[in-house]
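Asks: What follows is a structure written as structure tokens; I'll ask about it next.
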Amino acid sequence: MFTIVINRRSRMVTGLERWRLLHRTQQVLLLFLLIGITAFGMLAISLVEEGPLTVVNEQEGVNVTEVSVLSKEQFRPKRIRFAGPRNSRQHAVRNSFLHAWKGYKAFAWGNDELDPVNNRSKVWFSLQLTLVDALDTALIMGLDDEYEEARKEIEKNLDLNVNKYVSLFEVTIRVLGGLLSVYHLTGDQLFLTKAKELGDRLLPAFQTSTGVPHSDVNLHLGKARNAAWTHSVSLAEIATIQLEFRELSYLTGNATYEAAAFNVSTKLHNMRCLKYGGLCPIYIDSANGKWDYLSSTITLGARGDTYYEYLLKQWLQTGKRIAWLRSDFAKSVKGMLRYLLRRSEPSKLLFAGEINARGDFLPKMDHLACFISGTLALAVEHGFARELLHYAKDIGETCRAMYTSNPTGLGPEIAHFNQNPLVQQDLFVKKNDEHSLLRPEAVEAWFYLYRLTNDSKYQDWGWDMLQAIERHARVASGYCSVASVMTIPTKCQPRMESFLLSETFKYLYLLFDDDHSLFDLRKYVFNTEAHPFPIRD
């Protein structure tokens, strides 16, 4: 050991002596060369992030056992009391939520969804979907009486021993996410007990030879399978379950849940997505665990979207300890900028297109893809380059145009964009894409943009959206999906989605939180169903 130190010192001294032997002109030239190399290196850093891509403690995984057991004692939540609306716009959103809640209570209480056209319930998973999914929204809006009546219903009648195959993805983000969020906000053991039971019943989906989970699981039989219509699973459905299973491990001290879900993320990381610079195909062959390029598109829309969202949010949730999550997200953003983001004619609207299996670029954008505006803004909030906020703003503007370019002021499911300078219409909607499910991704984006910029125009956009919902989607017992955003009067479809209450109304309410007092983005991360989880430092 001593000899090594001496040798290091001797080499340092030798270098210093050589420097002193140089002519002053040579010293100046060397200094300029060193400065030039340093400057070039700084310019080479991508605008995607500020600072190096890798950090010292990068690791392929995380010791979930240690993290979870410690967290069990450190993060036992206490009841958070919410004051309720503090301005007229928040009052209006809460009134809309209550209108939907009362219709659900009158005609579908304890069932999955409300059919507001025929005033009856709809069954999907038999898991009280709307009730569980919407409950944290009721809490955040200060609706304590509604919370108490829902709690009694859940305690008495939420039976997780359901003898049917349910979607691992949908049940995780809506039901497991909802139970965990309500437990965090109330500290009520009932919700953690239910969450643990549900987590246990979902685990069989991960028991595969390829490391790729099955898409559907029978909660009673403990068996899992893929949907009958495909041999593949989608990227989004297997890569958008990690926040929820990790939170369950944090709260129970049982590493099994986090390990099961995070192993999927690790597998996807190791599979790499090289062809399009970090952008992945939307299908994975469940038989061999490999990318299904022949039937996949590259998209920020359906079946791909939330994979990218959860790369960033997992990194945040774990206290920014797992560097490859940050790295994979940064690479995917570079891929988006290079391959997917284009501008329309004549107004230069920035949109996220798609690449089909043949490699052709398609100038179409799902409403779902509006999420990327908010995700980029959130990345900037957590240290990525400020330039990304310009892209976030521009995509947010495009999502606004998807609403204002049609007579109802509601956003269609998909918009198609013009790139021909001779055509004077930036976007149009095809007949099959005219419907609106009252999705949340646009207002979600405006919520994040308002948090970062404090520009009240985003609140005004949200207000316009709420008014359009009230004019064209409100019925006597709630709100309906709209068959076409292109015609007035609108025609109702017989379904009120649970995410209307869980996400759309929640993000509107938070958007109208003028001083950002609800859910500090440095302390909370929202799952893809808008359920807030604490960030663990």
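Positions of Cβ are set from backbone N, Cα and C atoms, glycine also.
Copying in the features that TrEMBL gives for the protein in this structure:
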TRANSMEM  28-48  transmembrane segment
ACT_SITE  GLU170  active site, proton donor
ACT_SITE  ASP305  active site
DISULFID  CYS370-CYS399  disulfide bond
ACT_SITE  GLU413  active site, proton donor
ACT_SITE  GLU441  active site
BINDING   THR528  Ca(2+) binding site
Asks: Fill in the CA-CA distance, THR528 (Ca(2+) binding site) to CYS399 (disulfide bond), as an integer in Å.
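Replies: With distance taken Cα to Cα, CYS399 (disulfide bond) is 18 Å from THR528 (Ca(2+) binding site).
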Asks: Helix, strand or coil by DSSP: which one applies to ASP305 (active site)?
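Replies: The residue in question, ASP305 (active site), is helix (DSSP, three-state).
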Asks: Checking the contact step here: among the active-site residues GLU170, GLU413, GLU441, which have a Cα within 10 Å of the Cα of CYS399 (disulfide bond)?
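Replies: Checking Cα-Cα distances against CYS399 (disulfide bond), the active-site residues within 10 Å turn out to be GLU441.
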Asks: DSSP three-state call for the residue listed as 'Ca(2+) binding site': helix, strand or coil?
Replies: coil
Asks: Please identify which of GLU170, GLU441 has the densest Cβ environment, defined as other Cβ atoms within 10 Å, among these active-site residues.
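Replies: Checking each of GLU170, GLU441, the winner is GLU441.
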Asks: Would you find the one among the disulfide-bonded residues CYS370, CYS399 whose Cβ has the most company, meaning other Cβ atoms within 10 Å?
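Replies: Per the Cβ count, the most surrounded site is CYS370.
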Asks: Please report the distance from the Cα of GLU170 (active site, proton donor) to the Cα of CYS370 (disulfide bond), rounded to the nearest angstrom.
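Replies: Cα-Cα, rounded: 20 Å.
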Asks: Near ASP305 (active site), how many other Cβ atoms are within 10 Å of its Cβ?
Replies: 25
Asks: Highest Cβ count within 10 Å among the recorded positions GLU413, THR528: which residue is it?
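Replies: Selected residue: THR528.
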Asks: Sorry to bug you, but what's the C-alpha spacing from GLU441 (active site) to CYS370 (disulfide bond), rounded to the closest Å?
Replies: 5
Asks: Given GLU413 (active site, proton donor) and GLU441 (active site), what distance in Å do their CA atoms have, once rounded to a whole number?
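Replies: Per the Cα atoms, GLU413 (active site, proton donor) and GLU441 (active site) stand 11 Å apart.
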